[in-house]
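Asker: Take a look at the following structure, please.
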Amino acid sequence: MRPGTTSTARLCRVGRMRARRTCLAVPGSNPRFLEKAQGLPADEVFLDLEDSVAPLAKEPARGNIVAALKEGDWGGKTVVVRVNDLSTSWTYRDVIEVVEGAGDRLHCLMLPKVEDASHVRWLDVLLTQVEKAVGLPVGAIGIEAQIESARGLVNVDEIAQASPRVETLVFGPADFMASIGMRTLVVGEQPPGYPEGDAYHYILMRILMAARAHGLQAIDGPYLQIKDVDGFRRVAARAAALGFDGKWVLHPGQIDAGNEVFSPAQDDYDHAELILDAYDYYTTVERRGAVMLGDEMIDEASRKMALVVAAKGRAAGLARTRRFERP
Ligand code: GLV
Ligand code: MG
């Protein structure tokens, strides 16, 4: 099937820019965590059926997740369930049980270990069938695609456009490091013996380029040293600086740091809003395209950059502390 010819192709998805500064992993096998996650300030929760759940606990975990979705209060969070990957025997039942049981409470399914576009198309078709069966609008449920292998990365562009349901590309560093044979066991940190550069730079940029080329969000994966909040902050800040929209959090102690790192600083937010107002004034009232704002020259490209920062600030709930004054 060609990209874009799936049954959801005609639907315009509205969910691609949901809040995802922090994406909290919650094992579906642990009802206490499922309860506690509801009150935590993460933008997204993803209730996991995959690698944080032991094989013998996977089937009961589906029921826990459906109950938590139906009975829980998830506030304004982005709500996602991670199903098992397509090499297992669990995936189709994960999808059917979760979506039949609580599809109306769900924004997305996360599909791990996506290797090529056919994985996403499979999920798209199954979701369409289940949505029709339970009376949900076709296309209601989005897809988060995890890129966790060399093959997934090589195919990332086709994965990004495999279905209009795809909202984000998510880097899975642990599986990825194993897939390429990177010689370290410390997920998120640089491998020993490579002091010159950032071993993740190419991977992160490749994912980011595919995401941006197709209008998707890009999310960084976990940092496993959960007690080292400074380490988390340092690694998260690198992904945020590149342009990533958010990062996984594995522990409540990482959430505030993640929300802060992926929100613009107050000063940058104010500055961005000032550029937008100033540019609007000068181009419409004075009809000039390149103008001075204080000591800084701004033009159409500045407006585009300012739009990005302003949008992130507004999404993070920041309020302006400075106003543009007409000359
Ligand atoms: C997440 O799924 C990872 O493999 O890092
Ligand atoms: Mg993984």
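Cβ from N, Cα, C; glycine included.
Annotations in TrEMBL come from automatic prediction, not curation.
Found this in TrEMBL, in case it helps:
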- 21-252: domain 'HpcH/HpaI aldolase/citrate lyase' (DOMAIN)
- Arg82, Glu148: substrate binding site (BINDING)
- Glu148, Asp175: Mg(2+) binding site (BINDING)
Asker: Can you check which residue among the binding-site residues Glu148, Asp175 has the largest number of Cβ atoms within 10 Å of its own?
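Answerer: Highest number of other Cβ atoms within 10 Å: Glu148.
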Asker: Over the domain 'HpcH/HpaI aldolase/citrate lyase' (21-252), what does the predicted model average in pLDDT?
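Answerer: The predicted confidence over the domain 'HpcH/HpaI aldolase/citrate lyase' (21-252), as a mean pLDDT, is 97.
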Asker: Near Arg82 (substrate binding site), which residues of its own chain have a C-beta under 8 A away, given they sit six or more steps off in sequence?
Answerer: Phe46, Leu47, Asp48, Leu49, Glu50, Leu109, Met110, Leu111, Pro112
Asker: In DSSP terms, helix, strand or coil for Glu148 (substrate binding site)?
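Answerer: Coil, per DSSP.
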